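Lifted from TrEMBL, the feature list:
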ACT_SITE  C303  active site, thioimidate intermediate
BINDING   D246, T247, A248, G296, V297, G298  NAD(+) binding site
BINDING   D246, T247, A248, G296, V297, G298  NADP(+) binding site
BINDING   G298, G300, C303  K(+) binding site
DOMAIN    12-473  domain 'IMP dehydrogenase/GMP reductase'
Amino acid sequence: MQFYGTTPRHDLTYSDVFLVPSRSSVTSRLDVSLAPDDGTGATIPIISANMNSVTGKRLAATLARRGGLGVLPQDMHLQDLDDAIRWVKDQPVAFDTPYALAADETVADALRHVPAVEAHGIVIHDADGKYLGALSAGQLGSALPDARLGDLLHGALTALDAEDIPDGRAAFEVMDAAGLEFAPVLEHGRVVGTLSKRSALRSTIYQPALDAHGRLRVAAAVGINGDVASKAKALAAAGVDVLVIDTAHGDQDGMRQAIRTVKSLDLGLPIAAGNVVTDQAVRDLVEAGADILKVGVGPGAMCTTRMMTAVGRPQFSAVLETSQAARELGAHVWADGGVRYPRDVALALAAGGASVMIGSWFAGTIEAPGLLDADDSGALYKESWGMASTKAVKGRFERLDAYELARKTLFAEGISSSRIYLDPLRPSVEDLLDMITTGLRSSFTYAGARSLSEFHERALVGIQSAAGYEEGKALPVSW
Ligand SMILES: NC(=O)C1=CN([C@@H]2O[C@H](COP(=O)(O)OP(=O)(O)OC[C@H]3O[C@@H](n4cnc5c(N)ncnc54)[C@H](OP(=O)(O)O)[C@@H]3O)[C@@H](O)[C@H]2O)C=CC1
Ligand SMILES: Nc1nc2c(ncn2[C@@H]2O[C@H](COP(=O)(O)O)[C@@H](O)[C@H]2O)c(=O)[nH]1
Ligand SMILES: [K+]
């Protein structure tokens with residue numbers, strides 16, 4: 001990356017900078033590879049944050065199916081983490097994971113999982129788990145909220161046979177011809193997934209992130225306290241693909257020790273560690289054994305660290321400096337936090353990031369953990385909270401005695417409760433991925449880059465005024 005015009009004397013964040021178009025020989029946005037080179041096996045540079053309100057098993061599986069990577073949070077109990085990793089490994093690669101509900105559940109129950117929008121739906125089973133039928137989310141939207149799902153089965157959808165849809169294009173064409181937006185996929189009468197026309201199309205564009213056994217990849221986080229070695233070994237035994245060692249202040253002795261401990265286990269898994277924002281911290285953590293540095297202190301949407309402590313660093317400069325240091329050492333950077341628009345992802349990659357970690361933006365999606373709620377106007381949202389908030393600290397240390405717990409909660413550096421609204425046009429994390437990756441493909445071609453390494457090399461970054469940033473926004477109404 002090079003600065004256009006002058007090299008700045010102060011730190012910059014994403015809104016301070018823009019990408020300058022360069023001469024390009026890339027003739028199509030589909031000729032671009034977005035694959036990161038950080039050894040994680042991801043095929044798009046998008047990672048979901050290890051936050052309880054962001055990455056659960058369903059979001060992790062959905063992301064991996066499209067080539068990204070979900071990091072399950074360290075606050076989950078070990079048994080739940082083990083279950084979640086094994087569950088992700090069990091999910092279909094070519095089809096979507098069904099929302100399965102029992103026949104005696106109601107329409108209102110189903111609508112807490114899946115909103116009444118096109119391209120989504122549920123499958124219904126009896127008490128023994130036998131498949132009874134499927135309904136589109138649109139059908140749910142027009143039924144009475146207290147109707148039992150089993151009573152709506154007379155209008156159940158046509159199912160697809162897995163044998164009839166050898167690939168995404170065939171599936172799209174079969175569904176298009178049958179006028180289906182959503183359908184269950186059966187194999188010998190058993191549900192093996194669901195499909196929408198949109199997901200059939202996606203499967204022809206994205207490459208899933210798969211392990212050596214052809215199963216979806218997933219990462220998980222550990223903190224720096226407690227028995228780090230046992231936890232890391234247990235996660236590896238469950239089949240985790242990447243280990244993330246995470247604490248607020250990654251540039252501390254406790255972190256270096258935790259990395260050495262995990263490294264010495266020789267689990268054969270990439271180790272990501274953070275969070276840090278300086279080249280010195282990168283050197284120290286790589287020396288301890290980290291392969292990937294998680295970079296960002298204070299940019300997160302749920303994060304109050306900068307206002308509480310004044311500590312942090314504007315994120316664009318943090319990613320730029322740490323990526324340069326990491327590259328010299330053969331390590332990589334994940335740019336973590338502060339991403340609100342596709343442009344921020346492009347700029348994080350231009351600064352040298354191998355991948356970009358997104359938290360709160362993904363919290364407002366169908367696939368994020370937790371059920372959907374509606375506000376007084378009917379707008380749908382999910383609750384989100386920071387991992388250093390009083391709420392998260394209370395959950396993390398629930399087993400401590402009351403005095404120790406009270407001491408820990410004194411140090412909150414995050415928001416305990418916020419509503420993240422679903423974008424009515426993009427309610428699924430996959431809709432957000434489409435938006436981000438199409439933006440990225442276009443950014444790459446504006447820079448004349450066919451790959452992430454070419455983008456790192458060729459990106460030309462200018463510095464803009466607040467008015468320059470404002471000018472870039474679209475105008476929703478006339479002036
Ligand atoms: N990226 C960011 O800007 C930030 C992210 N977070 C996220 O919140 C989650 C919780 O992290 P964390 O609070 O580190 O909890 P952890 O449970 O991981 O423990 C932190 C450990 O580090 C010690 N420590 C020393 N200095 C600090 C410091 N300045 N801040 C926090 N701990 C310190 C703590 O000791 P003691 O309690 O005795 O001080 C404790 O032993 C993580 O997911 C983290 O990524 C949190 C803040 C900032
Ligand atoms: N200081 C805090 N940082 C937090 C907290 N919870 C999460 N985080 C960090 O934010 C990113 C995600 O950023 P986002 O802008 O995409 O939401 C996450 O990965 C953490 O590094 C918190 O309570 N305090
Ligand atoms: K912030």
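Here the Cβ of each residue, glycine as well, is placed from N, Cα and C on the backbone.
This view paints the features noted in TrEMBL onto the structure.
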| residue | record | DSSP class |
| --- | --- | --- |
| D246 | NAD(+) binding site | strand |
| G296 | NAD(+) binding site | coil |
| C303 | active site, thioimidate intermediate | strand |
Greatest C-beta neighbour count within 10 angstroms, which of the binding-site residues G298, G300: G300
Additional residues surrounding NAD(+), by Cβ distance to the D246, T247, A248, G296, V297, G298 centre under 8 Å: H249, G250, G274, N275, V276, K294, T305, D336, G337
Cβ under 6 Å from ligand 2: qualifying binding-site residues of D246, V297, G300: G300
Local confidence of the domain 'IMP dehydrogenase/GMP reductase' (12-473) - pLDDT mean: 96
Binding-site residues listed as A248, V297, least Cβ neighbours within 10 Å: A248
Among D246, T247, A248, G296, V297, G298, the record's NAD(+) binders - longest CA distance, Å: 14
Cβ neighbour count within 10 Å of G296 (NAD(+) binding site): 27
Close-lying recorded positions around ligand 3 among T247, A248, G296, V297, C303, where CB distance stays under 6 Å: C303
Spatial neighbours, same chain, of the residue listed as 'active site, thioimidate intermediate' - Cβ under 8 Å, 6+ residues apart: G337, G386, A388, E413, G414, I415
Beyond the site residues G298, G300, C303: chain residues whose C-beta lies within 8 Å of the centroid, for K(+): G296, V297, P299, A301, M302, T304, T305, R306, G312, G337, G338, G386, G414
Nearest-integer angstrom distance between the alpha carbons (Cα) of D246 (NAD(+) binding site) and G300 (K(+) binding site): 15
